[in-house]
Each structure stands twice: as structure tokens, then as C-alpha cells.
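Novice: A single structure is presented below for examination.
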Amino acid sequence: MTYGLILALVFGYLLGSIPFGLLLTRAAGLGDVRKIGSGNIGATNVLRTGNKGLAAATLLLDALKGTAAVLIAGHFAPETAVWAGLGAFLGHLFPVWLGFKGGKGVATYLGVLIGLAWQVALIFAVIWLAMAFLFRYSSLAALTAAVIVPIALYFLSAPQIAVLFVVMSIIVFIKHRANISRLLAGTEGKIGAKG
């Protein structure tokens, strides 16, 4: 791995590690989002505060971390864009500022995808929205989309980055293992539910 790739990975990690969900809820006087609901710092848990605007802002900013990392690194050296995106994804999952305990990575995953293959990002968004509308489970929507993305990349857009998204999708599944257990048990919280 060259110096440039390492630099892109570190840059992406630092950008991805900004915990927007935590920062926004604290700034709004809602306390520590890690102490409510699932304890996650992502948009779905921020929504459990009852503040839809903050949840939307968290979703947008967490996605932008991934997109910005890809586009900025790619501007200077196109071959580093993928590594910056991976760094942003890992930074969101394992932020140094929070003892390496971050979010589940779905919004940042989408942001990286927007930067690398926006057409497939649209497929992700359509699948997520359809599953969320039909079943009201954010986790199920995310997991379904994460299965489809590497396949879509391979056949429709960018087979050279499909392997990256296979790895990222596996990590998304690992981070959602508790959600998967709750889905199977019928106890998973639905979108918009407080607590």
C-alpha cells in the first residue's frame, strides 16, 4: 500500500469518525443519544428522540461523510477514492473519539456509494424506502439493500468496486447482528418508535 493510499484511508477515517448524531442531539439539548433506544449514534436512533429534523440532519451528514471522503480524495488522486470511502465507513463504525464505539454504518455506506457509483446508490435508496414502507424496520431495509448493492455493482455499474462493497456489506450485517436476532424473535423496534 502506497503512502497516498494510506493517507486517503486515514483522511477518510477521520472524516467518518465525526459523530454527527451525538453532536446534534447534544446541541439541541436532548442529551446523549447513546442513552436512549438502541444506544446507536445513527439517524434511526436519533429519530427515537422524537425530533425528525435532527434525524434527517444526522442521516444527511453521516452520508455526506462518505461522499465527501470519496470526492475529495478522488479529486487529488482518483485511485485513492475507494480507500478514502472505506476509511470513512470504518471511521463511522469505530470512531476514536468515542472509544471505537460508533454507528452501524448504513448512511455512510450509502454516502460512499453515492461518491463511487451514484446509479447503484439510487437502487439502494429505492430498496431501502420500499422495505421500510412495507415492513417499518430500518434494520431489515438496510440489510436487504446491503445484499443487493454488491450484485448491482457487479452487473450494472462498477464490478471493480463490488468486492469492496461485499466486505462493507458483511460488516453491516455483523454490526446488525443484535437487530437480526430481534427480527427473528419479533421484538425489533419499528421506525419512529420511541424508547
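Quick reminder: no glycine exception, Cβ is built from N, Cα and C everywhere.
For 4-24, 53-73, 80-100, 110-130, 133-153, 154-174, the entry in Swiss-Prot reads transmembrane segment, with the evidence type sequence analysis.
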Novice: Same chain only, please: residues at least 6 beyond the ends of the transmembrane segment (154-174) with a C-beta under 8 Å from a C-beta of the stretch. Say none if there are none.
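Specialist: Result: 82, 85-86, 89, 93, 104-106, 109, 112-113, 116-117, 119-120, 123, 142-143, 146-147, 180.
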Novice: Can you tell me which of 53-73, 80-100, 110-130, 133-153 gets the most C-beta pairs within less than 8 Å of the transmembrane segment (4-24)?
Specialist: 80-100
Novice: State the non-local partners of the transmembrane segment (133-153) in its own chain: residues 6+ outside its ends, Cβ under 8 Å from one of its Cβ atoms.
Specialist: 44, 104, 106, 109, 113, 117, 120, 123-124, 127, 159, 161-163, 165-166, 168-169, 172-173, 176, 179-180, 182-183, 188, 190-192
